[in-house]
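Since the structure comes first, as structure tokens, the remarks are kept for the end.
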Amino acid sequence: MCSLAKSPSSDTSTIVRRSANYDPPIWSFDFIQSLPCKYKGEPYTSRSNKLKEEVKKMLVGMENSLVQLELIDTLQRLGISYHFENEIISILKKYFTNISTNKNPKYDLYATALEFRLLREYGYAVPQEIFNDFKDETGKFKASIKNDDIKGVLALYEASFYVKNGENILEEARVFTTEYLKRYVMMIDQNMILNDNMAILVRHALEMPLHWRTIRAEAKWFIEEYEKTQDKNGTLLEFAKLDFNMLQSIFQEDLKHVSRWWEHSKLGKNKMVYARDRLVEAFLWQVGIRFEPQFSHFRRISARIYALITIIDDIYDVYGTLEELELFTKAVERWDVKTVDELPDYMKLPFFTLFNTVNEMAYDVLEEHNFVSVEYLKNSWAELCRCYLEEAKWFYSGYKPTLKKYIENASLSIGGQVIFVYAFFSLTKSITNEALESLQEGHYAACRQGSLMLRLADDLGTSSDELKRGDILKSVQCYMHETGVSEDEAREHIKFLISEIWKEMNDEDEYNSIFSKEFVQACKNLGRMSLFMYQHGDGHASQDSHSRKRISDLIINPIPL
């Protein structure tokens, strides 16, 4: 049993420490435990199953290819396509076969772009040259497209974000469509064009493309917009609303479980006054990474991991002295409970909680997979703490890294690798040595890309506040210091890097990988969640109106039926 006796190094009375002045959490334990979880069991399950069968018949019985593609798109945006994964794959396979054998009908731009996007999303290698039919003799996209086909331009815009490295046609399509859609919005603002449903979709797309959006947030937004349309399908709408609420009830049960663990750990209760108590926000990340009902265990485990990352990150970033941080890093590397007595008092509870949580998770993996994972789990934490320590040394020495040097360390210190190791064991049915070695050595591109996107999105949303707290330079400031550009120019460069990461992410085929499809999707969804959480600032630490709305929309408040 771990002793919590006072250690020789625990006298901190003369140490002047930084403080981030984090606000206490607005979501109390009692509030979380009072969530009703209303939409579960009968009669909701029976009604959901009935609606699901009706939608399935609708989907597979369609003969018009464009209408069928539009239905798949609508199912995706309503957040219910996961119920029809097998049917959608079977349908799209036929469309891809037609393209491969030159039997595809002659589509207009809208239908071509829609088909292209859906096929790319499901891993089909549709060539970008399919859009050459919409170019003129000079190789430019035809000017006539813009005159009367806003729907087609918007579809091409969304399709262009599935671009991979070297795909110049899709690059040109993105520039072409973005410029036109921005002019279209400007004309709406000047009352030159009707501000209708299409205008709403265009504004939404320019804010962030569909491919980059997180599924549950998009479902909530689209359900509300779809309900306003005149040609809405009542069966689809009812099923989408009911499914959203039933999933939300599962999320509430998951959150209650995690909240009880947090309460028992005593890491809340205002004991960690120097760190962020953001359990609900930590859980929200997991909803975005894997929302499907069968992944409750993943959400419950990963929320713990994210909450612990937040606490330990703040110890390194804000509160600890360099000597104390070196002690904590060594304790994690040694992974011996006896080392807790060498730590300052304020570090003992976080270390003890980490130690117990990791070992508990290793037991779960052993029970499910008959695989001893503790070395992989604790090594991921040791690497994370070493990266934290490196940044602490930069801070205390006043070192200003280049952007490249910063990214090499910061893409690891953001905690993505820890998250992915736990996701791997939680989401993988059959563990292979090849996949495990690739993950352990950091070779898997989707993990690196997801972590880097998380880091850069975090920096865009939080760097100003973190600098005020006395943190190290972030990517924006590193680039400014290195090149002499303005902050606005530096931020644009970081946004450009994010778009480049997406090209690499698009190269990762989740349907043909040494990793499970569920794990690959989790890697990509971490990138999506990072853009979602930091879109309006620090969506993890801040408890502003944007943050409260995100949590209320996705976890707290059901959609009226």
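Numbering starts at 1 and runs along the chain as it is shown here.
Cβ from N, Cα, C; glycine included.
Residues annotated as (2E)-geranyl diphosphate binding site in Swiss-Prot, with similarity to another entry given as evidence: Arg276, Asp313, Asp317, Arg455, Asp458.
The feature Mg(2+) 2 binding site is assigned by Swiss-Prot to Asp313, Asp317. A sphere of 10 angstroms centred on the C-beta of Asp313 ((2E)-geranyl diphosphate binding site) encloses 19 other C-beta atoms. In the three-state DSSP scheme, Asp313 ((2E)-geranyl diphosphate binding site) falls into the helix class.
Annotation source Swiss-Prot lists Mg(2+) 1 binding site at Asp313, Asp317.
Under the heading Mg(2+) 3 binding site, Swiss-Prot lists Asp458, Thr462, Glu466. Under the three-state DSSP scheme, Thr462 (Mg(2+) 3 binding site) falls in the helix class.
Annotated motif 'DDXXD motif' per Swiss-Prot: 313-317, in sequence order.
Remark: Asp458 ((2E)-geranyl diphosphate binding site) has Ile414, Ser530, Tyr534, His540 as non-local neighbours, by Cβ distance under 8 Å and separation of at least 6 in sequence. Residues near Arg455 ((2E)-geranyl diphosphate binding site) in space but far in sequence (CB under 8 A, at least 6 apart, same chain), listed by position: Ile407, Ala410, Ser411, Ser413, Ile414, Gly416, Ser475. Cα separation, Arg276 ((2E)-geranyl diphosphate binding site) to Thr462 (Mg(2+) 3 binding site), rounded: 14 Å. Counting every protein chain shown, the Cβ of Arg276 ((2E)-geranyl diphosphate binding site) has 24 other Cβ atoms within 10 Å. The two recorded residues, Asp313 ((2E)-geranyl diphosphate binding site) and Thr462 (Mg(2+) 3 binding site), show a Cα separation of 14 Å. The two recorded residues Asp317 ((2E)-geranyl diphosphate binding site) and Thr462 (Mg(2+) 3 binding site) have their Cα atoms spaced 13 Å from each other.
Of all Cβ atoms in the protein chains displayed, 23 besides its own lie within 10 Å of the Cβ of Asp317 ((2E)-geranyl diphosphate binding site). Just so you know, the Cβ of Thr462 (Mg(2+) 3 binding site) picks up 20 other Cβ atoms within 10 Å once every protein chain is counted.
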